[in-house]
Amino acid sequence: MHEYAVTKGLIAIAVEEARKAGASKITLIRLVIGDLSTVIDESVQMYFDMLSEGTVAHGSKLEFRRVSARFHCKDCGIEFEKPKIGFDCPKCGKMGMLTDSGKEFYIESMEIE
Ligand SMILES: [Zn+2]
């Protein structure tokens with residue numbers, strides 16, 4: 001039910017933004033989802049259709065853009081994209097720490113009418 005809460009928050013933000021912009025309808029919402037986010041696209045769209053009923057966001061399409069997870073090595077101080085296998089720093093081979101990117105879920109932009 002993780003998506004339920006996430007989608008509810010998403011609609012609240014979208015509706016508020018649309019209201020500020022004086023829009024009567026939202027036609028498209030572009031979302032950014034981190035690779036490591038547990039959010040599933042299909043579930044979000046399903047909850048979105050259900051929860052947006054009666055709001056300006058109802059009937060809007062959702063577009064998802066996945067961004068890859070990034071790790072930080074505290075020894076080298078570098079940031080790197082998650083390697084295909086494991087989480088090791090490409091420079092020193094020590095295990096990297098996960099940064100906030102990769103877990104994000106937010107609205108990138110919207111199209112309104
Ligand atoms: Zn390193």
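Glycine residues also receive a Cβ, built from the backbone N, Cα and C atoms like all the rest.
Just so you know, TrEMBL annotations are computer predictions that nobody has curated.
Here's what TrEMBL has on this protein:
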- HIS2: Ni(2+) binding site (BINDING)
- CYS73, CYS76, CYS89, CYS92: Zn(2+) binding site (BINDING)
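Annotated features taken from TrEMBL, shown on the structure.
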{"residue": "HIS2", "record": "Ni(2+) binding site", "Cβ contacts under 8 Å, 6 or more apart": "THR38, VAL39"}
{"residue": "CYS73", "record": "Zn(2+) binding site", "Cβ contacts under 8 Å, 6 or more apart": "GLU79, PHE80, CYS89, LYS91, CYS92, LYS94, GLY96, MET97"}
{"residue": "CYS76", "record": "Zn(2+) binding site", "Cβ contacts under 8 Å, 6 or more apart": "CYS89, LYS91, CYS92"}
Other C-beta atoms that fall within 10 angstroms of the C-beta of CYS92 (Zn(2+) binding site): 12
Contacting binding-site residues for ligand 1, chosen from HIS2, CYS76, CYS92 when the Cβ sits under 6 angstroms of any of its atoms: CYS76, CYS92
Secondary structure of the residue listed as 'Ni(2+) binding site' (DSSP, helix/strand/coil): helix
Any further residue of that chain within 8 Å (Cβ to the Cβ centroid of CYS73, CYS76, CYS89, CYS92) of the recorded Zn(2+) site: LYS74, ASP75, GLY77, ILE78, PHE80, PRO90, LYS91, GLY93, LYS94, GLY96
